[in-house]
There are 4 protein chains.
Amino acid sequence: MSVKKAGVLGATGSVGQRFILLLANHPDFEIAALGASSRSAGKKYIDAVTWKQTELLPEIAEDIIVSECTAENFADCDIVFSGLDADYAGSIEKAFVEAGLAVVSNAKNYRREVDVPLVVPIVNPEHLLVIEKKIEIAKAAGEKKPGFIICISNCSTAGLVAPLKPLVDSFGPLDALTTTTLQAISGAGFSPGVSGIDVLDNIVPYIGGEEDKMEWETKKILGGVNAEGTEFKPLTDDELKVSAQCNRVAVSDGHTECISFRFAKRPAPSVEEVKQVLRDYVCDASKLGCHSAPKQAIHVLEAQDRPQPRLDRNRDRGYGVSVGRIRADPVLDFKMVVLSHNTIIGAAGSGILIAEILKSKNMI
Amino acid sequence: MSVKKAGVLGATGSVGQRFILLLANHPDFEIAALGASSRSAGKKYIDAVTWKQTELLPEIAEDIIVSECTAENFADCDIVFSGLDADYAGSIEKAFVEAGLAVVSNAKNYRREVDVPLVVPIVNPEHLLVIEKKIEIAKAAGEKKPGFIICISNCSTAGLVAPLKPLVDSFGPLDALTTTTLQAISGAGFSPGVSGIDVLDNIVPYIGGEEDKMEWETKKILGGVNAEGTEFKPLTDDELKVSAQCNRVAVSDGHTECISFRFAKRPAPSVEEVKQVLRDYVCDASKLGCHSAPKQAIHVLEAQDRPQPRLDRNRDRGYGVSVGRIRADPVLDFKMVVLSHNTIIGAAGSGILIAEILKSKNMI
Amino acid sequence: MSVKKAGVLGATGSVGQRFILLLANHPDFEIAALGASSRSAGKKYIDAVTWKQTELLPEIAEDIIVSECTAENFADCDIVFSGLDADYAGSIEKAFVEAGLAVVSNAKNYRREVDVPLVVPIVNPEHLLVIEKKIEIAKAAGEKKPGFIICISNCSTAGLVAPLKPLVDSFGPLDALTTTTLQAISGAGFSPGVSGIDVLDNIVPYIGGEEDKMEWETKKILGGVNAEGTEFKPLTDDELKVSAQCNRVAVSDGHTECISFRFAKRPAPSVEEVKQVLRDYVCDASKLGCHSAPKQAIHVLEAQDRPQPRLDRNRDRGYGVSVGRIRADPVLDFKMVVLSHNTIIGAAGSGILIAEILKSKNMI
Amino acid sequence: MSVKKAGVLGATGSVGQRFILLLANHPDFEIAALGASSRSAGKKYIDAVTWKQTELLPEIAEDIIVSECTAENFADCDIVFSGLDADYAGSIEKAFVEAGLAVVSNAKNYRREVDVPLVVPIVNPEHLLVIEKKIEIAKAAGEKKPGFIICISNCSTAGLVAPLKPLVDSFGPLDALTTTTLQAISGAGFSPGVSGIDVLDNIVPYIGGEEDKMEWETKKILGGVNAEGTEFKPLTDDELKVSAQCNRVAVSDGHTECISFRFAKRPAPSVEEVKQVLRDYVCDASKLGCHSAPKQAIHVLEAQDRPQPRLDRNRDRGYGVSVGRIRADPVLDFKMVVLSHNTIIGAAGSGILIAEILKSKNMI
């Protein structure tokens, strides 16, 4: 099996560091290029980065010379992972796509484009078909394989939709959904990220842009595609009402969400039926045998005080989402607690798994 | 103006310690008796207590000899504050009431009795009328003044109802209400209270009994009284649906709640109308000139990232509740963030303010 | 008694915010001018500042228009408190002194000048005599009152020398001293200050420049003055060996230090003699009746697990230093734990108390 | 290679849980018996334990029936690991040894016995020779193989001696040593362990018995054995002065120690010589090829702000000790920061590595 050449944009940032950790010793990919700002370009990676991960910097990445984020520098990459800040991602990623490169991005810039898949790989890999279609069309037209971009969802969105998608597949659409998040600080990066004084004996009940992202992205991920398979049709506000309240808390990794939701169809399923669907869920990435796919995509926990970030965030190396306290809700139908690893399933990890799916489908 | 004699039950516990802090140098009360378990009885308070407050143990309390919690030992108290654990509160408080004593209790045991007021003093002091009625009836019958008990609400309930009561008074009843709490560890006491490993880089998404208390108590506090003024008529589940999700977080003091709610009447008021009612609210305790009453019972904060526990919990010495991020909710009518000081307005502080109201109404 | 006009430089920073809190409602001072960068100049203080204190922004400061840090703008100030960053303090403070202003600075820039007092006001107010001398000389020469600068010590130095000075006064000089600090994050300011990820489930065993400051400043503060009373004579490395190891920990306010020390003279005093000297210590500021002076400058705690930052940092409003676990040390003579409030006695609070002393001595 | 049968005493406690994690999938050992209190005996392990590790409970241990801690129940174990509380360890471990069992204990009870090795396996495995001698003597006398006990050192002692031993081997004995510790809460267990309120925005500058343990155990570990090889000869107070100051901080795992020390011989080595010896150190367990032995026992870090618990505690799976900031000390010769994983090298992990050494030497 061939090993694909991978590039990482924003390689010195917190998402970029995670991409590098996950690519080191990966059977499908090898790091071919690392891109960062001009301040870092020309330096060895180990000299350019302030490494802040709890796992050590992989030796394999230490001596790679960081380059600037131009399409030329990544021309021979089969896949490019972008951990760029939104301030830079827009123009750089556009240039990469125009140069025919395949980009998987953690930035928010292109998530709402009608022809860009917004993918949580354990949830809606079928949205990648829009890209497959695009490749087919080009092929049929005798054109060379086009560049494309696939967006990773916002971190807190990923945890939210993970248990909802199998439920919708089994019991039909939701019509109302609320989530209150308790989000980890790693989601805010490291330079400087969340200030210590803001999370020591404190909560910050606001994360800029986050609630809007959750409310919008959920409707695209749980929504469909047009008849031609070329454009996404997010759910409308009439079809699904979503309300998010986001908080930053003193947790390093792992977003906890207290969610409640109502199905459109009456009668609603029972608590036990909901649990059973979640327990039985097998994601496509597992069926495809992808290297990083979780053995169990959704872990249904029965202990009354779980999931907890410190104890549950690393299930299936962070690719498994934990759900606990599934119970009837006096206002909507059900309420439950969802925990997801924000830098794995909510960011870099999902990027890697998307690329594994692309490879298994010969899209890269 | 006469100074009333006050007793404290459970004086060595965390709620008892707060009672003592608030009673020291109080113009209306003097500490006359401190009660604790037989293990502490006979010792000086300073030797019996493991003081864990950030303010120093008041000198005035240091040398008081702790006694056992019998009605005889508190016979000359005008008012008795109970910080007893629920395991002991039931029988002890009953005996005190039967002995003709006036008890203000933080324990949960009698909160659901039909003739026991469940009071957040900045919210529903009018519920004390049931006791006033009881005293009048005894007086008319030529009996001596009866003992009685008044219950302080659960800490997270207090913060929830504080901004809702003025809204209901202005815009009519709610029909749906959700709250997700991020609760401080001081609410769990100190011996041992919440374990460090449970809140270091962690969230515990469960607090035993808390959700049920919030869902039930809210309906009593926002509910009414029968025609005779002798029994409480909590709202029914049909009248108001309440859903609570409770979490323990790494905060010392101050419960944060992300709430959303819907009014029964259409059309709902505007966001600005909601804010104005909250800004204009003056609680009865302030009108009565009670010593501890907040200058401003509800603080409406406009900064997008407030309230925060570290910065806002001490407004009006913990008697002021902060409300921020008031905005339309896609699922119900409104959502907002409420912060209340759990050991002040949510526990001992409310007990003291209740007693101040009792005194100003000549009920003690 | 006249009220002196006070200016604050660096008014929007964390030290500046503390100066403003302490000046509001101060009987000796009124805020006459607030200085900050050109970005803030011209704005109302409330609009220029990101207020991060746990006490609310004093109303009295809200509407003051922030000005740039030029001597002209502070010309009518009797005293100027500087919370400037070291990057700016050098030239600005120099200009202020040359303009004849009296400056009390928290910056490090002039601490090592031979004619600048480095003062912890509960420890070595006698070092202010060098300024008194300077004023006298000018007066004798018929010159107008000269400008001058007085430096507040580094925050961790303040806690270290507080208990040592009375011991040296009683038992003679030390010849060796070690301290390992556990320092609060407020010492690093707020913008951004210490990153959350650095202190969540973590220790950073390094604070840039801190160890050198502690080792040097201790020798100046415990040292003397030349015969003419015009220049400081810090202790030499031969006279006193000092070794500091500094750590940043997850504490908001309050520096804990584990110290050990040896007296030059044999035999050393007993543990009880050491305790007695500390208990009996009354600082000059108390004798002068200064408004902010602690009732008790050194609190000797006997409980084996004290002092603790959360419980003891606010003794005497942060002006009292707590000392616990005084015991024999197998390597040097004694070891003990010292806790001091880093933003009060270790920064702004000491600045205010220095100014109170200056006022009581008619030096401003 | 034969797999040895292992038992775990105190299996439901925090140390016991770590033993089980380390034994699951271990090539040298299989879990044969789990012992706990009579309350747990008879239950499946999964039902008896409140699992608090960040790694999931190994499936292999879930269904093992917990037994009471009697020698009969562990009769067929080749090695027994004890995570018992000191309150129970004394009599139980004694009975096990008398029954001929080989015990490796984390309890403090027998650490000071003259014929019991106190071992940090990356530091002083040669102390196991006293047991080898004991076995030989019994063999020579035609007796059956005797039971024995080997004690794991106190957690903070382990980190302290790790870098000192190779230095003493190279540069001769120390005569003075100081350490100030910043210790993680996992060392105090979980039921309830350290209270949250004690480590939230706080430091506790006291750990019962810890300083005495560190000061005493260091002298045994760095000390020698009598001529017959049957008894330990700890260093005397005259030979080595040790002073410890112990603090509990808000860290989950990983003890940080700020240490300083002086060699007896003059001149002392240079900083670079000290670093080189530490970098070159290879522990015997590595030479023996033990499964858990660290690739690098001592990691010398050059970054000025390292080691940090969150970033460095897991080096070599917690079996590597990190040393940073090695520099000259103004009072003694050198100062440096040492970080060790308290539940691996400081507790259960060392127990497992001791057993691996015993096995490689055919002592079990």
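For all residues, glycine too, the Cβ spot is worked out from N, Cα and C.
What TrEMBL records for this protein:
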type: DOMAIN; residues: C:5-131; note: domain 'Semialdehyde dehydrogenase NAD-binding'
type: ACT_SITE; residues: C:C155; note: active site, acyl-thioester intermediate
type: ACT_SITE; residues: C:H255; note: active site, proton acceptor
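The residue listed as 'active site, acyl-thioester intermediate' is 8 Å away from C:H255 (active site, proton acceptor) when you measure Cα to Cα. Counting every protein chain shown, the number of other Cβ atoms lying within 10 Å of the Cβ of C:C155 (active site, acyl-thioester intermediate) is 28. Cβ neighbour count for C:H255 (active site, proton acceptor): 30 (other Cβ atoms within 10 Å of its Cβ, all protein chains included). The domain 'Semialdehyde dehydrogenase NAD-binding' (C:5-131): residue composition by secondary structure is 41 helix, 27 strand, 59 coil, according to DSSP. Following the DSSP three-state reduction, the secondary structure of the residue listed as 'active site, proton acceptor' is strand.
The average pLDDT computed for the domain 'Semialdehyde dehydrogenase NAD-binding' (C:5-131) is 97.
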